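Record features (Swiss-Prot):
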type	residues	note
COMPBIAS	37-49	compositional bias 'Basic and acidic residues'
CROSSLNK	K68	SUMO2 cross-link
CROSSLNK	K87	SUMO2 cross-link
CROSSLNK	K133	SUMO2 cross-link
MOD_RES	K133	N6-acetyllysine
CROSSLNK	K142	SUMO2 cross-link
CROSSLNK	K181	SUMO2 cross-link
MOD_RES	K237	N6-acetyllysine
CROSSLNK	K305	SUMO2 cross-link
CROSSLNK	K348	SUMO2 cross-link
REPEAT	360-365	repeat '1'
REPEAT	507-512	repeat '20'
REPEAT	541-545	repeat '25'
CROSSLNK	K611	SUMO2 cross-link
MOD_RES	T625	phosphothreonine
CROSSLNK	K627	SUMO2 cross-link
MOD_RES	K632	N6-acetyllysine
CROSSLNK	K645	SUMO2 cross-link
CROSSLNK	K658	SUMO2 cross-link
CROSSLNK	K658	SUMO1 cross-link
MOD_RES	K658	N6-acetyllysine
Amino acid sequence: MAAGVEAAAEVAATEPKMEEESGAPCVPSGNGAPVPKGEERPTQNEKRKEKNIKRGGNRFEPYANPTKRYRAFITNIPFDVKWQSLKDLVKEKVGEVTYVELLMDAEGKSRGCAVVEFKMEESMKKAAEVLNKHSLSGRPLKVKEDPDGEHARRAMQKAGRLGSTVFVANLDYKVGWKKLKEVFSMAGVVVRADILEDKDGKSRGIGTVTFEQSIEAVQAISMFNGQLLFDRPMHVKMDERALPKGDFFPPERPQQLPHGLGGIGMGLGPGGQPIDANHLNKGIGMGNLGPAGMGMEGIGFGINKIGGMEGPFGGGMENMGRFGSGMNMGRINEILSNALKRGEIIAKQGGSGAGGSVPGIERMGPGIDRISGAGMERMGAGLGHGMDRVGSEIERMGLVMDRMGSVERMGSGIERMGPLGLDHMASSIERMGQTMERIGSGVERMGAGMGFGLERMAAPIDRVGQTIERMGSGVERMGPAIERMGLSMDRMVPTGMGAGLERMGPVMDRMATGLERMGANNLERMGLERMGANSLERMGLERMGANSLERMGPAMGPALGAGIERMGLAMGGAGGASFDRTIEMERGNFGGSFAGSFGGAGGHAPGVARKACQIFVRNLPFDFTWKMLKDKFNECGHVLYADIKMENGKSKGCGVVKFESPEVAERACRMMNGMKLSGREIDVRIDRNA
């Protein structure tokens, strides 16, 4: 690898010599006779054109000679001086400036040094003469020519920073810059990829890849060093010689590797990210919601243990046994699960006839007879005891829901809920439909048993009604927040539910034939009339009223589903802990992890950057308006917002552009960074402060 670097240096050193030789008055011809300079020039120009075509193609190159960068390194800058003020000073004293970058520390504070790039070599030399020892806010500036970036590199090494460019050797000769960029894009955002070529425009088997961040360059070394590309092992290391534009990190960049640390291995989190153990058990408010947030598995945790369906919403009926010892639901779960499984197996084997082909379901009747007696009565008592606790908790829940301003952000995550689970639901319900056609005869026997049990539930339900009266005021206070949830859930329907619901249509028709066999006679035998008006009137439903229920709307299902598991435990007497963390919600932890992680695999833990949709553009022409900025960046994608930063009614030469998605913002950075507008090369990057 050292030989490859030295060879690259030799090419860079020999190219100027070739130009000097070509500029000599006479050049020897093939037969040894001197040829006048004028006759040789067309041949040299043709060769250069062919060479440029082979090397660059249509790629944009901001510098006429990419091997030369006219930089000046300035130190002893007052710490309160901004890059714009420094640029104005250099422009006033020297002339046109291409690029200015203040070097910052990990906290975003100036280190008192900067890199200034010029378009012409004369400007670089003039800056070293004119600005050196120039007094700025009482401090004499120190200016040095730095065309190879050596002074800036030393300053960055002192700051413990790494470059973002890697050097790749032992490449196959047919690998071009596009293939190199395609491969290394797996490690991060590639700003530029280059293949070093010889004087004939052929690959030398070495190249460089520049990433957006240094950590991506380190990751590329970990991922690709020693890996085969076209049967040749790549040798990847940090490029110590290159310092391309963009290696000077602005304050919004995250902290880089500590000084002296050469690299890091893979963490235990997703994508090799390190895990913060402090956030693993940080569930919020509604039970087992996963680390520091509420993902799809979290919000469906109570629902998916009841459905008997596969996929993210599935998981069988095993969790019904956790509804409290006083409810005897574990026995119901065992009988129903076993019977449904046997019925599904028989249906797949092609058995016909409801009574003869599903003997397990027919045997459910006597079992439910035994369950529905004492078991149902104990269920009512358990409900009465648990609902006393739930009532007070829901009143506290109302206070919490008033603070849930971030619920409006749930829409983007809920849009991802559709495709995540409904396709799995459709296939599972399709199998349930075949089984439901054979359940009818067994359900007839269930009716008699359940009727006896429900008759004995009337008295406990009276006690439940007294508790539900207390829920009315709490539910009314939940109304405004859940109304915002309803608006967000409207966005869920067209996004992901369409395909799943289309598949569910014919399946539901098949389920209907089985449900019809339950009939009115069976329902009449269930003893529901014993619940009567007296019990229902005591439930305080009039307190909930039309206004609250209309605002709650279709959002009640998903909103309450997330808490079903914890509510089940609360009914057994442990519900008091469900909302003991209201202080954390009030301080903002609830909004960030709840709304920000809907539909994902957990929320954004503190310290993990959220992808931004806004970019920051610098070095704009001062006559550039927000309309011109918006029109220009519309080439990359739909622009939601564009603005030029102003001071005293005049442009500061920088602005922001907001896109509809982080992907479009990243594409705009790749496309527009380094582009020239009115002779000024703009600098485009993600606005981390947005």
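Glycine too: its Cβ is placed from the backbone N, Cα and C atoms.
In three-state terms derived from DSSP, K632 (N6-acetyllysine) belongs to a helical segment. For K632 (N6-acetyllysine), the same-chain residues 6+ apart in sequence whose C-beta sits under 8 angstroms from its C-beta are M672, L677. Set side by side, the recorded positions K87, K133, K237 differ in how many other CB atoms lie within 10 angstroms of their CB, and the most is found at K87. Along the repeat '1' (360-365), the predicted structure has mean pLDDT 48. In this structure the C-alpha atoms belonging to K181 (SUMO2 cross-link) and K237 (N6-acetyllysine) are separated by 16 Å. Mapped onto three states, the DSSP output places K87 (SUMO2 cross-link) in helix. The recorded sites considered are K142, K181, K627, K645, K658; of these, K627 has the fewest other C-beta atoms within 10 angstroms of its C-beta. Taking CA atoms as the reference points, K658 (SUMO2 cross-link) and K645 (SUMO2 cross-link) are 14 Å apart. Closest to K645 (SUMO2 cross-link) in space, going by CA atoms and restricting to the recorded positions K87, K133, K237, T625, K627, is T625. Across the structure, K627 (SUMO2 cross-link) and K87 (SUMO2 cross-link) are spaced 25 Å apart at their Cα atoms. In this structure, the C-alpha atom of K142 (SUMO2 cross-link) lies 15 angstrom from that of K87 (SUMO2 cross-link).
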